Amino acid sequence: MKIAILSRNSKLYSTRRLIEAGRKRGHTVRILDPLRCYMRIAADGFSLHYKGKPITGFDAVIPRIGASVTRYATAVLRQLEFMGTYTPNPSDAILRSRDKLRAHQLLAAQGIDMPVTVFGDNPDDTQDLLSMLGPPPHVVKLNEGAQGAGVILTEKASASRGVVEALRGLYANFIVQEFIGEAEGADLRCFVVGDKVVAAMRRQAAEGDFRSNLHLGGTAAVTEATEQEQEVAVRSARALGLTVAGVDLIRSKRGPLVLEVNSTPGLEGVEGVCGVDVAAAIVQHLEQSVRRSAG
């Protein structure tokens with residue numbers, strides 16, 4: 001196969017591992033910086049160009065799209081989709097995952113449990129809005145934040161109101177969620193490829209923080225996801241239209257709750273902690289999917 005990887009940096013761990021895995025299995029792999037791609041759209045057809053030359057002949061494209069370039073990079077990916085290139089994570093699915101409110105609405109529509117989430121705009125409704133969550137602590141999240149950025153824990157009702165009012169003053173879109181205390185700052189990252197969880201790790205927040213992201217000082221250890229947790233993770237990815245995803249769950253008294261579905265999950269943490277060749281699993285999934293679509 002001829003595989004394209006949409007990535008701004010070929011030296012990033014995840015990008016390097018996907019290149020290695022693809023070439024090891026005999027495929028031609030090329031890195032495309034999405035911001036260097038440009039396109040022609042007309043009724044007589046679609047074309048994509050890169051550094052002065054047309055891009056043609058790719059069987060599959062793996063999107064590694066950072067949050068800061070979401071809009072442009074998904075437009076490039078969509079162009080490749082219209083040109084008949086297979087992708088495990090379509091452009092519309094990535095856009096769903098990057099909008100926390102929309103993602104939670106789609107998950108809830110499939111009966112997938114999550115922390116209770118509220119969203120509202122008018123300041124006159126703030127008190128009633130927050131009352132739907134019960135007493136604090138509350139978790140306020142920017143709607144398009146990533147990697148733990150823009151996530152605030154408020155421990156008093158006055159703090160919740162203050163943060164909500166401040167974000168409205170900045171015209172920021174945000175959601176507010178109930179805080180699940182029994183999770184004790186830990187979550188479960190399930191790495192979904194196709195219709196199964198290929199690796200899982202338990203992440204623990206650093207002392208004094210409640211966010212378990214590894215780059216914020218959290219720690220991780222390999223763990224075994226239960227059958228229920230694996231089912232929830234796969235259903236969550238499917239609900240957004242993704243076949244490669246990092247699904248973050250917390251273990252609660254009412255079962256696994258979905259925090260987020262990441263459409264561009266990093267490989268370094270999960271491969272290093274779990275000792276699983278996730279990159280190879282992704283490439284094998286591409287092979288199977290392209291064969292099915294061709295047949």
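Numbers here mean position along the shown chain, with the first residue as 1.
Quick reminder: no glycine exception, Cβ is built from N, Cα and C everywhere.
Under the three-state DSSP scheme, ASP187 (ATP binding site) falls in the strand class. Annotated ATP binding site per Swiss-Prot: LYS141, GLU178, PHE179, ASP187, ARG211, SER212, ASN213, in sequence order.
Cβ neighbour count for ASP248 (Mn(2+) 1 binding site) (all protein chains, 10 Å cutoff from its Cβ): 21. Residues annotated as Mn(2+) 1 binding site in Swiss-Prot: ASP248, GLU260.
In the shown protein chains, 21 other C-beta atoms lie within 10 A of the C-beta of GLU260 (Mn(2+) 1 binding site). As annotated by Swiss-Prot, Mg(2+) 1 binding site applies to ASP248, GLU260.
DSSP assigns GLU260 (Mn(2+) 1 binding site) to a strand segment in the three-state reduction. Annotation comment: Swiss-Prot describes GLU260, ASN262 as Mn(2+) 2 binding site.
If you look up Swiss-Prot, you'll see GLU260, ASN262 marked as Mg(2+) 2 binding site.
Mean predicted confidence for the domain 'ATP-grasp' (104-287): the pLDDT average there is 91. Look at Swiss-Prot and you will find 104-287 tagged as domain 'ATP-grasp', backed by sequence analysis.
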(request) Using a 10 Å cut-off, grab the number of neighbouring Cβ atoms around the Cβ of GLU178 (ATP binding site), all chains included. (result) 20
(request) Work out how many Å separate PHE179 (ATP binding site) and GLU260 (Mn(2+) 1 binding site) at their Cα atoms, rounded off. (result) 14
(message) Measuring Cα to Cα, how many Å separate ASP187 (ATP binding site) from ASP248 (Mn(2+) 1 binding site)?
(response) 7
(request) Check the Cα-Cα distances from LYS141 (ATP binding site) to the binding-site residues ASP248, GLU260, ASN262 and tell me which is shortest. (result) GLU260
